[in-house]
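Asker: The structure follows.
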Amino acid sequence: MATELEKALSNVIEVYHNYSGIKGNHHALYRDDFRKMVTTECPQFVQNKNTESLFKELDVNSDNAINFEEFLVLVIRVGVAAHKDSHKE
């Protein structure tokens, strides 16, 4: 039986594949699908951010796509922000 952390990691992978698979390449999240993903899946995180500049920051190899490793940087950023919010009173 999967642990809570294993379930959470599976969900992260599933979200990535749901959007990266739109264009048929499960290893690349393209600009328009990235925009759709962040505005749908983490709207509070991106409400005051430019998705284009965020895409460029994450695309460290400059191939105009976000691979899974680059996507995990976004997951970390959102996780850190959510953790901070969880401690606000």
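Cβ atoms are placed via backbone N, Cα and C, with glycine included.
As annotated by Swiss-Prot, Zn(2+) binding site applies to His17, His27, His83, with the evidence given as similarity to another entry. Annotation comment: Swiss-Prot describes Asp33 as Ca(2+) 1 binding site, evidence class a curator's inference. Positions annotated as Ca(2+) 2 binding site by Swiss-Prot, on the basis of sequence analysis: Asp59, Asn61, Asp63, Glu70. The domain 'EF-hand 1' annotation in Swiss-Prot covers 13-48 and is backed by a curator's inference. The domain 'EF-hand 2' feature in Swiss-Prot is assigned to 46-81. Sequence annotations record features per position, and here Swiss-Prot assigns N-acetylalanine to Ala2 based on experimental evidence. According to Swiss-Prot, the S-nitrosocysteine annotation covers Cys42, on the basis of similarity to another entry.
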Asker: From the centroid of the CB atoms of Asp59, Asn61, Asp63, Glu70, the recorded Ca(2+) 2 site, which same-chain residues not already listed sit within 8 A by their CB, in sequence order?
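Answerer: After dropping the recorded site residues, what remains is Leu58, Val60, Ser62, Asn64, Ala65, Ile66, Asn67.
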Asker: So which one is it: of the binding-site residues His17, His83, which has the fewest other Cβ atoms within 10 Å?
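Answerer: Ranked by other Cβ atoms within 10 Å, the binding-site residues His17, His83 bottom out at His83.
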Asker: Could you round the CA separation between Glu70 (Ca(2+) 2 binding site) and His17 (Zn(2+) binding site) to a whole angstrom and send it over?
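Answerer: About 14 Å separate the Cα atoms of these two residues.
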Asker: In the domain 'EF-hand 2' (46-81), how many residues does DSSP put in helix, strand and coil?
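Answerer: Taking the domain 'EF-hand 2' (46-81) as a whole: 23 helix, 1 strand, 12 coil.
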Asker: Let me know the most crowded of the modified residues, choosing from Ala2, Cys42 and counting other Cβ atoms within 10 Å.
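Answerer: Result for the most crowded candidate: Cys42.
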